[in-house]
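For reference, the structure is listed below as structure tokens.
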Amino acid sequence: MDPKPIPPYYCCYLLRSTGGGFQRPALYIGSTPDPPRRLAQHNGVSKGGAKRTARDGRRPWEMVLLVEGFASRVGALQFEWAWQHPAASRHLVPDMQDQNEAVEDDDQNKSRKKPKEGRKPPARRTRLSLQAHLEDLHLLLRTRYFAAWPLTVRFFAADVHRVWKGWCDRVDGVVPRHITVVGDGDCEEAPLGQQGAGKSKVGGVKNIQTDYAHIYGYLEKGMDLAENLAGLHCHLCEIQFNQEDLVTVCPQASCKCVTHLICLSTKFLDRASDEDRFVPLEGNCPACNETVPWQLLMQELSIRTRGRVMFQAMRRKEKRKAQKGTKKGSNMPEGVQYSAAPVTDSETVLDLSQAHAHVSDEDNLSLDDNWAELLNSESEPETKTNPPRVEIVIEDSDLDDAISLG
């Protein structure tokens with residue numbers, strides 16, 4: 001299987017039922033590269049969606065929060081499974097034991113009988129409440145494995161955001177500073193100086209941008225520079241590039257800094273406070289000194305080295321738009337930004353969405369043979385008909401074990 005570029009977007013999400021007639025709202029955890037499309041599927045507006053979200057008149061559903069920033073489908077699936085099965089996840093079980101022991105009274109610990117040696121402790125039942133899911137999410141973001149990832153937690157429901165903030169005030173552990181928490185939708189603005197203050201808000205799930213349109217100018221710049229490496233030198237080691245070298249390109253429109261991948265990685269890691277980190281989170285460009293997210297650099301590099309055909313299709317569409325006199329989008333984003341509204345031009349949507357489907361359906365990393373059985377996947381296959389050109393088929397996850405629907 002050929003390696004694919006880093007997808008433009010992948011997230012895990014928490015759904016809440018707003019259908020009436022039930023004592024408490026049902027909750028559902030899933031993952032998707034396209035939240036607007038996925039929410040429409042869960043609500044029956046379009047084909048697809050998990051079977052469980054179509055039962056018992058619990059529709060309509062709302063997406064109350066997203067965990068964004070996954071660099072692959074596999075990474076999102078790992079996080080989703082751990083969030084759905086906190087009592088079984090190898091990432092959470094030791095931390096849960098420590099947390100439970102910390103809140104128990106010393107007298108109770110003394111009076112508790114020690115289990116017999118060799119006897120397996122009883123399995124902890126997965127808790128189904130909103131509070132429990134948020135507590136598990138908080139713990140998951142603090143684990144050694146996921147705490148190193150450049151994730152963002154985006155809330156769309158003010159009441160859910162308040163529960164989250166209340167738990168953050170009570171719990172001892174702290175979510176790493178690089179993991180951003182954004183109050184979006186009807187959530188209150190974070191005061192200046194607090195985590196998430198000043199971060200981009202999109203207003204609603206329908207405005208989440210799930211294609212490469214917001215970094216097209218950066219992709220074009222990187223492709224042009226990479227095709228003309230002859231005679232250029234690394235900004236750090238000053239050695240002349242070979243055409244086959246892996247190089248990084250600064251995303252700032254006015255900066256022409258190009259470096260060897262290993263040179264820039266070493267520089268970023270040397271200036272990082274975490275000596276145990278192997279992959280940088282971000283760093284300052286050695287030429288313009290602007291802060292650059294490492295994942296953005298790797299996304300551009302992956303498209304340049306693995307997605308040239310996809311990019312050429314994007315470029316042809318942009319040229320057609322220019323010939324028709326259509327206003328072209330901004331050439332360079334400042335860092336990773338979300339568009340205030342989805343792309344509406346039909347040609348651009350078709351091209352970018354096809355590219356998106358190409359890189360998002362499968363990950364270049366292979367899972368174990370028994371992965372599907374372990375997750376008890378309940379995905380529904382698409383109908384084998386000839387779709388129109390603009391129809392997009394992107395695989396989502398329907399992992400239904402331990403999802404609270406009662």
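Residue numbering: from 1, along the chain as shown.
Glycine is treated like the rest: Cβ placed from N, Cα and C.
In TrEMBL, annotation is done automatically, which means it is predicted and not curated.
Of the candidate ranges 341-373, 374-406, TrEMBL annotates residues 374-406 with the feature region 'Disordered'. In terms of DSSP helix, strand and coil, the domain 'GIY-YIG' (8-93) has 24 helix, 21 strand, 41 coil. Taken as a whole, the domain 'GIY-YIG' (8-93) shows an average pLDDT of 92 in this prediction.
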